[in-house]
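**Student:** First the structure, which I've put down as C-alpha cells, then a few questions once you've had a look.
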Amino acid sequence: MDTHAFKRSLHHSERYNRRGFGRAEEVAESLEQAYQSGLIGTIRDNGYRLEHGRLNVRLAEAFGFCWGVERAVAMAYETRKHYPSERLWITNEIIHNPSVNDHLREMDVQFIPVEQGVKDFSGVTSGDVVILPAFGATVQEMQLLNERGCHIVDTTCPWVSKVWNTVEKHKKHTFTSIIHGKVKHEETLATSSFAGTYLVVLDLEEAQYVADYILGNGDREDFIKRFAKACSPGFDPDRDLERLGVANQTTMLKSETEEIGRLFERTMLSKYGPTQLNDHFLAFNTICDATQERQDAMFSLVDEPLDLMVVIGGFNSSNTTHLQEIAVSRGIRSFHIDTPERIDVGSNSIEHKPLAADLCREGDFLPEGPVRVGITSGASTPDRAVEEVIEKLMQLSEN
C-alpha cells in the first residue's frame, strides 16, 4: 500500500480535520478549570521551588502537558462543541492520563472497545465522528474509518507524524526501519503500519543483539523466535538487515535512542566500510523536543539533594516511566503514581508502581523532620494533578 498517497488523499477529504474547528475560545474556560493550576504558576514564578514549613518542594523545570498533548485535548473538546449531538468515538486513549480520559467519557465520547487485544469497530457507522488520539492510529484504521464514511478528527502529534514520514522515506529507498520502541505501544503500532520492512527493538540490549547478528555472530532460528512479534511479515534477518534506517517512538529515553543510532552506524561502517556507509545506513533525527526537555530537566533535578521523588503520570505512559527510571538510576527513593488519590494523608502511605512490578502500598511515605521532595510529571499530566499532589504533601507535612 502506498501510505504516502493514502495520507495525501485523506488530508484532502471534506470528512477529515486536523486543524480544529476555530472554537478555541469557546472551550478555553473548560480546559482551564479542568487542567490548569494557579499554585503551579506561582511555583514556576518562584524558581520552581516551594517552602511550606518543614516541606521543601523542587519542581522539574520542564514537566507536564507538552504542546502536542495540549493540542490533542483542546481539539477533542472542540470536536464535542462542534458536534454536540453526533455520536463521537475515539480510537484509543487521547493521551495516557486517566483523569483526562475520564473527562472525555463524561462528555459522552465513546472509546472503541477492545476484545482480546483487537479493536472492535463494528459499532462505528457512516456519519459518526471519530477522533484519532495524540499517538496516532494505524493506516489500516484510518482506511477503515474513511471507507466507512466517518468524519475523522486527527489529533496526532506532529512529532509522531514526523516519524511516519521518516519510515516512509526508509520504505521508498528500500531501507529496513529499525524502530526503537515498545512493540505494543499505540505509537509504535501506528509507526510500523507506515513502514515497509521493519524491526522493533526495545532497548540497547536488543539493539546489540541485532548488531551482533549483522556482523555474523548470531543464530537465525533464535533471532526469528526472539523478534517474531516485533517485525514486519516475512522478515528475513539475512536479507532485511543489509540497509538500515533508524526511527523511534517519540517518548523513549533520548540517550538510549541516540546510542542505538550510533550502534547501528558503527555496525554498518564495520561491515561495509566508509565508502559504502551511506548505501547501508540512514541517519535520523526523530527525537521529540518535549520528551528531551523533560528528561533533561529531570537529570538536573536529580542532581539536587532530595529525600524523595514523586513522578506523576499514567502507568502506561512511556515518557513518564522513563522519568522514573532516571530517578531510580540515581538511587533516589522515588514513587510513580498516576493520580493524586494514590496518596493517603490519613495513613501517610502511598500506592505506587515500582519499575517492572505491580502496584504496591508503602507506609511512612513522608519522613519526619525537614524533607526535600522532587516532583515531575509526564507529558500527559495536567498541572491540576500536580497541584493536588503538592497539596497532599503540604497536609502531610503539617501532621
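Cβ coordinates come from backbone N, Cα and C, glycine included.
Heads up, here are the entries from Swiss-Prot:
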type	residues	note
ACT_SITE	GLU187	active site, proton donor
BINDING	CYS66, CYS157, CYS288	[4Fe-4S] cluster binding site
BINDING	HIS96, HIS185, THR250, SER317, SER318, ASN319, SER380	(2E)-4-hydroxy-3-methylbut-2-enyl diphosphate binding site
BINDING	HIS96, HIS185, SER317, SER318, ASN319, SER380	dimethylallyl diphosphate binding site
BINDING	HIS96, HIS185, SER317, SER318, ASN319, SER380	isopentenyl diphosphate binding site
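Context for these features, please: burial, neighbours, distances.
**Tutor:** Counting only residues at least six positions away in the same chain, the Cβ atoms of PHE135, GLY136, VAL160, GLY181, GLN249, THR250, THR251 sit under 8 Å from the Cβ of GLU187 (active site, proton donor).
The number of other Cβ atoms within 10 Å of the Cβ belonging to CYS288 ([4Fe-4S] cluster binding site), over all protein chains shown, comes to 24. In the three-state DSSP scheme, CYS288 ([4Fe-4S] cluster binding site) falls into the coil class.
Of all Cβ atoms in the protein chains displayed, 19 besides its own lie within 10 Å of the Cβ of HIS185 ((2E)-4-hydroxy-3-methylbut-2-enyl diphosphate binding site). In three-state terms derived from DSSP, HIS185 ((2E)-4-hydroxy-3-methylbut-2-enyl diphosphate binding site) belongs to neither a helical nor a strand segment and is classed as coil.
Non-local contacts of HIS96 ((2E)-4-hydroxy-3-methylbut-2-enyl diphosphate binding site) by the CB criterion (under 8 A, 6+ apart in sequence, same chain) comprise GLY313, GLY314, ASN316, SER317, SER318, THR320, GLY378, SER380.
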**Student:** Using the residues the record lists for dimethylallyl diphosphate (HIS96, HIS185, SER317, SER318, ASN319, SER380), what whole-number Å value is the largest Cα to Cα distance?
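**Tutor:** The span, Cα to Cα at its widest, is 15 Å.
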**Student:** Counting other CB atoms within 10 A of each CB, which of the binding-site residues THR250, ASN319, SER380 comes out lowest?
**Tutor:** ASN319
**Student:** About how far apart, in whole Å, are the alpha carbons (Cα) of ASN319 ((2E)-4-hydroxy-3-methylbut-2-enyl diphosphate binding site) and CYS66 ([4Fe-4S] cluster binding site)?
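**Tutor:** Computed Cα spacing between ASN319 ((2E)-4-hydroxy-3-methylbut-2-enyl diphosphate binding site) and CYS66 ([4Fe-4S] cluster binding site) is 11 Å.
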**Student:** Which are the residues of the chain, CYS66, CYS157, CYS288 excluded, whose CB is within 8 A of where the CB atoms of the [4Fe-4S] cluster site average out, their centroid?
**Tutor:** TRP67, GLY68, VAL69, ALA134, PRO158, TRP159, VAL160, THR250, THR251, ASP289, ALA290, THR291, ALA379
